Structure formats: structure tokens, C-alpha cells
Amino acid sequence: LSCYLGYKHSQTCPPGENVCFVKTWCDAFCSTRGERIVMGCAATCPTAKSGVHIACCSTDNCNIYTKWGSGR
């Protein structure tokens with residue numbers, strides 16, 4: 001499985017990590033810089049905390065941050 005780690009940057013996931021994710025949230029600079037974004041591989045879909053959005057998927061490079069487009 002390959003997942004995006006950032007804009008147009010994809011990497012093969014380590015063994016046992018079969019889920020891609022995109023985690024977004026706002027911090028103090030959200031109004032000027034936009035959402036904070038973490039992308040990557042995981043063994044299971046991370047648990048979202050209040051104010052954090054997480055999207056998970058399980059096909060190659062499926063963890064697209066929609067505001068960037070496909071990244072391809």
C-alpha cells in the first residue's frame with residue numbers, strides 16, 4: 001500500500017500498516033494559514049478528538065487532501 005505523506009509525496013507503507021489517513025484541524029493560525037494537515041499510513045484508522053477530522057481509506061494513494069486536488 002502507498003499513501004500520501006504530503007503534497008505530491010507518496011511512500012510505501014511499512015508492513016502491518018494497511019490504512020491511509022488524512023487528519024485535519026484548526027489551530028491559532030487557521031485563519032491565515034489554513035488547516036493543519038497530517039497524512040500517512042497506519043495499522044488502524046486513528047481516533048478523532050474533538051475539533052479533528054480524520055478520513056481513512058485502504059487503496060493506493062487514496063488519502064487525498066481534497067483542497068489540494070489529486071496531487072498527481
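For all residues, glycine too, the Cβ spot is worked out from N, Cα and C.
Feature annotation from Swiss-Prot assigns disulfide bond to Cys3-Cys20 (among others). Classification of Cys20 (disulfide bond) by DSSP places it within a strand. Of all Cβ atoms in the shown protein chains, 27 besides its own fall within 10 Å of the Cβ of Cys20 (disulfide bond).
DSSP assigns Cys13 (disulfide bond) to coil in the three-state reduction, placing it in neither a helix nor a strand. Summarising the annotation, Swiss-Prot assigns disulfide bond to Cys13-Cys41 (among others).
In the three-state DSSP scheme, Cys30 (disulfide bond) is classed as helix. Sequence annotations record features per position, and here Swiss-Prot assigns disulfide bond to Cys26-Cys30 (among others) based on similarity to another entry.
Cβ neighbour count for Cys56 (disulfide bond) (all protein chains, 10 Å cutoff from its Cβ): 15. Positions annotated as disulfide bond by Swiss-Prot: Cys45-Cys56 (among others).
Annotation for Cys57 (disulfide bond): spatial neighbours Val19, Cys20, Phe21, Asn63, criterion Cβ-Cβ under 8 Å with sequence separation of six or more. Sequence annotations record features per position, and here Swiss-Prot assigns disulfide bond to Cys57-Cys62 (among others) based on similarity to another entry.
Under the heading arginine amide, Swiss-Prot lists Arg72.
For Cys62 (disulfide bond), applying a Cβ distance below 8 Å and a minimum sequence separation of six or more within one chain yields Cys3, Cys20. The two recorded residues Cys56 (disulfide bond) and Cys30 (disulfide bond) have their Cα atoms spaced 23 Å from each other. Of all the disulfide-bonded residues listed here (Cys26, Cys30, Cys45), Cys45 has the Cα closest to the Cα of Cys13 (disulfide bond).
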